[in-house]
Amino acid sequence: MTNQNIVLPAIALRGTTILPGMIVHFDVSRERSVKAIEAAMLHDQKIFLVTQIDSEVESPDLAGVYHVGTIAYIKQVVKLPQNLLRVLVEGTGRATLVKFEQEFPFIRSEITPVDEEEMQMPEPVMEAMHRSLKELFHRYCMENGKVSKELVAQILNIDNVEELVEQIAVNIPLSYQNKQKILEALTLEERYEVLGAILGNEIEIMQIGRDLQKKVKARIDKNQREYILREQLKLIREELGEDNTADDAEEFKKKLQELQAGDEVKEKISKEIERFKNTNSNVSENAVLRGYIETMLALPWEKKSTDSDDLKEAWKVLQEGHYGLKDVKERVMEFLSVRKLTHKGKSPILCLVGPPGTGKTSIARSIAEAMHKKYVRICLGGVRDEAEIRGHRKTYVGAMPGRITAALQQAGVSNPLMLLDEIDKTSSDYKGDTSAALLEVLDPEQNSRFMDHYIEVPQDLSEVLFIATANDVQGIPRPLLDRMELIEIAGYTENEKEHIAKEHLIPKQMEENGIEKGKLTIQSAALKKIINNYTKEAGVRNLERTIGQICRKTARLIMEEDKKKVTVTSKNLSDFLGKEHFNYLMANKKDEIGISRGLAWTQVGGDTLQIEVNVMPGKGELMLTGQLGDVMKESAQAGITYIRSIASDYKVEPEFFQENDIHVHIPEGAVPKDGPSAGITMATAILSAIIKKPVRADLAMTGEITLRGRVLPIGGLKEKLLAAKYAKIKEVLVPAENKPDIQELDKEITDGLTITFVSSMKEVLNKALV
């Protein structure tokens, strides 16, 4: 017989399931749930309780709740503070959910009650179910040990199988997911199978847990026994006066006799050894003194390596390891020459400044190899605590020497080459200023008696060859900058990158990826395409990664397709690397009005800027877009002021600037831009848009503009000219004051470019406007 549907107020329960026969109380806080309780109390006190699938959902729909719930009778309602209700209910029967209506102040559910009549099953089957369920429940209670004996006896005396299932499910702690499984089992046979599986699983989990507890207890007992024995042994040794501190002190004295160090250092270590000898090994000070003495004995106080004075060998090592970097190599050779002549020669403190991937760190390693010096590297990126440089005072727990002292200990000699990497990335906070601590390290007048807080005696750093690296000079504090000799490492040209790739990167990557010589050929045209269209950088770091990608693809072709030889050409390059990643903004095909080409410097090399200007009727406003910085905006304002001052020369009426708006835009809009060097470029584009004269498409320019039309010098000239060459620009306008910078550049950079020096805006306009 099919049961008729009924409509009841409903509550969606979070994290709990109520079974028929259960008497439980729970708190209600959601407004709709409170309204549902009130509605049920006004009628027959019946309510439908269904569990949410996701307890985090505030207002679940039909798909957000389980489709089998419990019809419950509300026995008691108690009002609590903050609009809470504590409800006591008794589950009376199962029901399947048909509808879940939320239009009312409370959730109204249409449900079909499940017929709970006992199924007629063969007597042997019922008896078997009865016995196995009792046995499982008894085993569960034995393993659990938390179910009261009275409750166990009461449940085991139940003769009816259906009542037994119900009482076990109600009285043992189960997760709401397991309770829901039992609730959704609509027949006695299904409920028996679900409950039996749950009990069996719980018994197995408890047995495994008990075994683990036994193992843990056995291990703890063993450790405790060892600890007690060790403590007893310690006491026996103390009673007999056989503490090993005295033996260690004698060992330290022997090492002190062999140590190459000055009298001041030896006297300090000797005092600390005596203090160590007189302290008990159980006292914390004993461990502090032991660590301090071991550090002092491990430092290379007067131990030095023999440096090479062979100039030819040094030059050979530098040339083989790096292509280009002429200034760095020449400075090292000068130092070696001076030292060979004078037999002393103060070590220079060099600071290599340049974009990432230009070989700053690796050239330092090559210098150490050329001079036969020990090489140690200290990474200063993100260091903000002064104690990282000077060390911590040994009175603090966990104190240790600073990075300079630790590097000397690592090198094992007092005259290594010490690389201070990323010196522009240091910072300061309430713990001190890192750059201030480095002043003493890098000052030739002070570093002969550098004081580490942990060591407490002066160290001689005068024979250490310090080389620092930085990406941006602006990040180095001025006092620190004054103590170093700056050598700028500019980005590599296309030819330099090609040479580095052929001589170093390709052989290195082939070896790392297991490709034999001759099995991979990358043609020059393909290599140039990689440099220009797949990497956009001043250095060669991404170029090496890209070559590594080609080598890995080649290795796969050799293994999977049994290729004997792979040749990479400009045509099949996309098969190895995919679509091109970068395209330089090429020179426009025709001269256009209001569009001029500028040159920019970035930390990863040079680039070109296209400046666009539109003039339209308006109120004399100047609009600047393209994420321009303050300096660039001021440069544009200076440019338009100059254009207004010479407007009459180009037959532009004074009213023009009050009756028209000028909009200057520099793509790409998402890239921030700043600096004064686009001043003449913006001024040229503005005048071109006003007088409707096109600007030469094959021309690019760079220079700062003044209100009187003077063109001031700029920086980053090498990178800017390289960008002009990549963009197929024929002529570049450069400030006349930058002429010495042009003369210092390699001919390879200026080849193919007509460089015109300009000193005034009039010269620029004469050259740029068609």
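From the backbone N, Cα and C atoms, a Cβ is placed for every residue, glycine too.
Note that the structure is predicted; figures quoted are calculated from it, not measured.
Taken from TrEMBL as is:
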{"type": "DOMAIN", "residues": "8-203", "note": "domain 'Lon N-terminal'"}
{"type": "BINDING", "residues": "Gly354, Pro355, Pro356, Gly357, Thr358, Gly359, Lys360, Thr361", "note": "ATP binding site"}
{"type": "DOMAIN", "residues": "590-770", "note": "domain 'Lon proteolytic'"}
{"type": "ACT_SITE", "residues": "Ser677", "note": "active site"}
{"type": "ACT_SITE", "residues": "Lys720", "note": "active site"}
Exercise. Which state, by DSSP, holds Pro355 (ATP binding site): helix, strand or coil?
Worked result: coil
For this session: Would you list the other residues of this chain near ATP - those whose C-beta lies within 8 angstroms of the C-beta centroid of Gly354, Pro355, Pro356, Gly357, Thr358, Gly359, Lys360, Thr361 - in sequence order?
Result: Leu352, Thr469, Asn471, Ile489, Ala538, Gly539, Arg541
Exercise. What is the total of other Cβ atoms whose distance to the Cβ of Thr361 (ATP binding site) is within 10 Å?
Worked result: 17
Exercise. Can you tell me how far the Cα of Pro356 (ATP binding site) sits from the Cα of Lys720 (active site), in Å?
Worked result: 17
Problem set entry | Surrounding CB atoms that lie within 10 Å of the CB of Gly354 (ATP binding site), all protein chains | 23
For this session: Please tell me which one of the recorded positions listed here (Gly354, Pro355, Gly357, Thr358, Lys720) sits closest to Ser677 (active site), measuring Cα to Cα?
Result: Lys720
For this session: For Thr358 (ATP binding site) and Lys720 (active site), determine the Cα separation and express it in whole Å.
Result: 17
For this session: Mind checking which of Pro356, Gly359 has the fewest other CB atoms within 10 A of its CB? They're the binding-site residues.
Result: Pro356
For this session: Just jot down the residues in the same chain as Lys720 (active site), at least 6 apart in sequence, with C-beta under 8 A of its C-beta; none if empty.
Result: Leu599, Ala600, Trp601, Gly606, Thr702, Ile714, Val732
Seminar exercise, completed: Residues near Gly357 (ATP binding site) by Cβ (under 8 Å) yet at least 6 apart in sequence within the same chain, in sequence order, are Glu537, Ala538, Gly539, Val540, Arg541, Asn542
Seminar exercise, completed: The predicted model's mean pLDDT over the domain 'Lon N-terminal' (8-203) is 83
For this session: Can you see whether DSSP assigns Ser677 (active site) to helix, strand or coil?
Result: coil
